[in-house]
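Reading through the structure tokens given below for one structure.
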Amino acid sequence: MTPTTVIRPLDVEDLETIVGIEQQAHAYPWKKSIHLSCIEQGYPSLVLEQDRAITAYVVFNYLYDECHLMNITTKPSLQGRGYASQLIQTLYQHSALAGMSSVLLEVRESNHPALSFYAKEGFEKIGHRPDYYPKGLDREGAVVMRRSLSDFLLS
């Protein structure tokens, strides 16, 4: 039997599951209160379900003509199967339909797998934010990346 993949809006009932995935996937995970605040503020967010089990999610927001990709996470045991790519392609479509011209994100400068993933997805490095992320008792810089949505806006 072929697995069923569904991408749908994230809702408050998903909170415990996404917080669990977040804690498994990140050394410095978002707190539950941050996820809840994003839901309460109505940030457009999506989950990807594989056979009714959440495997990945994305949290983003629109500001002026730009989508800010705030968090995209796949359950660690399921990474590398294309779930994040499916989610990000859906984010591009939603953002273009909402009139956004580009997607912006920050990523830890030490997160080489994410930097590689975003480059593969069409993002370009446009800047650097020093001391942006906590890293133990220290701080770590962020690479700022942008992807134009012009190819989605023309179709």
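Glycine is treated like the rest: Cβ placed from N, Cα and C.
Copied over from TrEMBL, here are the features:
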- 5-150: domain 'N-acetyltransferase' (DOMAIN)
- E106: active site, proton acceptor (ACT_SITE)
- N111: acetyl-CoA binding site (BINDING)
- Y118: active site, proton donor (ACT_SITE)
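Other Cβ atoms within 10 Å of the Cβ of N111 (acetyl-CoA binding site) number 17 in total over all chains. The C-beta environment of the residue listed as 'active site, proton acceptor', restricted to residues of the same chain at least 6 apart in sequence and closer than 8 Å, consists of R129, Y132, A142, V143, V144, M145. The two recorded residues N111 (acetyl-CoA binding site) and Y118 (active site, proton donor) have their Cα atoms spaced 11 Å from each other.
Mean pLDDT, taken over the domain 'N-acetyltransferase' (5-150), works out to 95 on the 0 to 100 scale.
Secondary structure at N111 (acetyl-CoA binding site), as computed by DSSP, is coil. The local packing around the residue listed as 'active site, proton donor', expressed as other Cβ atoms within 10 Å of its Cβ over all shown chains, amounts to 24.
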